[in-house]
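As given in Swiss-Prot:
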| type | residues | note |
| --- | --- | --- |
| BINDING | C6, C9, H21, C25 | Zn(2+) 1 binding site |
| BINDING | C33, C36, H48, C51 | Zn(2+) 2 binding site |
| COILED | 172-214 | coiled coil |
| COMPBIAS | 141-150 | compositional bias 'Polar residues' |
| COMPBIAS | 164-174 | compositional bias 'Polar residues' |
| COMPBIAS | 177-191 | compositional bias 'Basic and acidic residues' |
| COMPBIAS | 198-211 | compositional bias 'Basic and acidic residues' |
| COMPBIAS | 240-249 | compositional bias 'Basic and acidic residues' |
| CROSSLNK | K14 | SUMO2 cross-link |
| CROSSLNK | K202 | SUMO2 cross-link |
| REGION | 141-316 | region 'Disordered' |
| ZN_FING | 1-26 | zinc finger |
| ZN_FING | 28-52 | zinc finger |
Amino acid sequence: MVFFTCNACGESVKKIQVEKHVSICRNCECLSCIDCGKDFWGDDYKNHVKCISEDQKYGGKGYEAKTHKGDVKQQAWIQKINELIKKPNVSPKVRELLQQISAFDNVPRKKAKFQNWMRNSLKVHSDSVLEQVWNIFSEAASSEQDQQPPSHMAKPNTEVPTKVPSTKTNGTTEEQTEAKKNKRERKEERQKSRKKEKKELKLENHQENLKGQKPKKRKKGQEAGHEAGGEDAAEANGAPEKKRARDAQASEEGADRNGGPAEDADEGPTKTAAGKRKRQKHSEVESDNKKKKMKLPGQPEEGEPEDHEAPSKGKFNWKGTIKAVLKQAPDNEISVKKLKKKVIAQYHAVMSDHHTSEEELLAIFNKKISRNPTFKVLKDKVKLLK
């Protein structure tokens, strides 16, 4: 549908409504098309049936409009109407109707739709007139169909030699169509390629994160396994020693009980006293062993430093060592660099574990400093709060 703007009042009008607008607006002498911008004086606008589309308007210099099958058929249909107007057998009333029909660019090509369109657009309600117009169209269409078969029969012989070079030129035509693509199509292709690249990057990052997390979990599991294995081994080594001590005690007690009948009566009381002393010693040894077992593993024994107990437990007291270093410093304050150096040196001296890397140790150290409320970090220094 073509739209015009009135140069007198500036109102936009459809092509069908131009005559009505001219009767209202007396100064209307020139109309300009909204799409192409051309000016039409007087009745010249009637010949302007079709205008450029939005794709042609905004497509750029090298844009070529695609031919639609419907448009081709519609143009052929309107051509047929123009040919029928020139025929002498047509009545003047029907000729006027045909002239009005030729001004439209959306004329239906089927009987029911055509007659309905005539009633609504041209306000023709007499069935006899509608039948006359349609009969003229149907006769013209049937005459054309009768003439077409011989031309179709003659085409295959002529098309055989021309088909061979068409295969060679397919590549060049495809390249030309790609070069003449729209700006919109190019933008869409770029956006699609960018989206694909973003998705690929996200997948790669996700896979790298998964790979980085798995070995850490394995390391933790291995360390826990090593600790559990060390404790089991210590218990297994301690069990035979206990059994040996019990066997030795039982043998000595048996010897004390069975040793008296072959000896003299004078030696009897001395042996019984010695046996009592031995039993007392064994009971004292057993009580000492029980006391040692009852002691907690974290409590140090008398005369032994706390640092010697740490490797057997498998843990390093980060909080205690940091506190000790800060207490030794003046005003309970020291630089982060010095504190880090001293604490990690103490860790290596106490722990025999070489699995943990320097980066992990630094991460643990920073975590202990920042999350503990007893330590206050001010710029590059750490202070112990009371």
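Yeah, the Cβs are placed from backbone N, Cα and C, and that goes for glycine too.
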Nearest of the recorded positions (C6, C9, K14, H21) to C51 (Zn(2+) 2 binding site) - Cα to Cα: K14
Integer Cα-Cα distance in angstrom, C25 (Zn(2+) 1 binding site) to K202 (SUMO2 cross-link): 64
Intrachain neighbours beyond the zinc finger (1-26), with Cβ under 8 angstroms and 6 or more residues off its ends: 32-35, 39-40, 45, 48-51, 103, 105-106, 121
C36 (Zn(2+) 2 binding site): tally of other CB atoms within 10 A of its CB: 12
Between C33 (Zn(2+) 2 binding site) and C9 (Zn(2+) 1 binding site): CA-CA distance (Å): 15
Between C33 (Zn(2+) 2 binding site) and C6 (Zn(2+) 1 binding site): CA-CA distance (Å): 9
Set of same-chain residues at least 6 away whose C-beta sits under 8 angstroms from H48 (Zn(2+) 2 binding site): V2, K15, C33, K38, F40
Which of C9, C33, all binding-site residues, has a Cβ with the fewest other Cβ atoms inside 10 Å: C9
Whole-number Å value for how far H21 (Zn(2+) 1 binding site) lies from C36 (Zn(2+) 2 binding site) (Cα to Cα): 21
Length of the line joining the Cα atoms of H21 (Zn(2+) 1 binding site) and K202 (SUMO2 cross-link), in Å: 61
Three-state composition of the zinc finger (1-26), taking helix and strand from DSSP: 7 helix, 7 strand, 12 coil
C25 (Zn(2+) 1 binding site) CB neighbourhood, other CB atoms within 10 A: 15
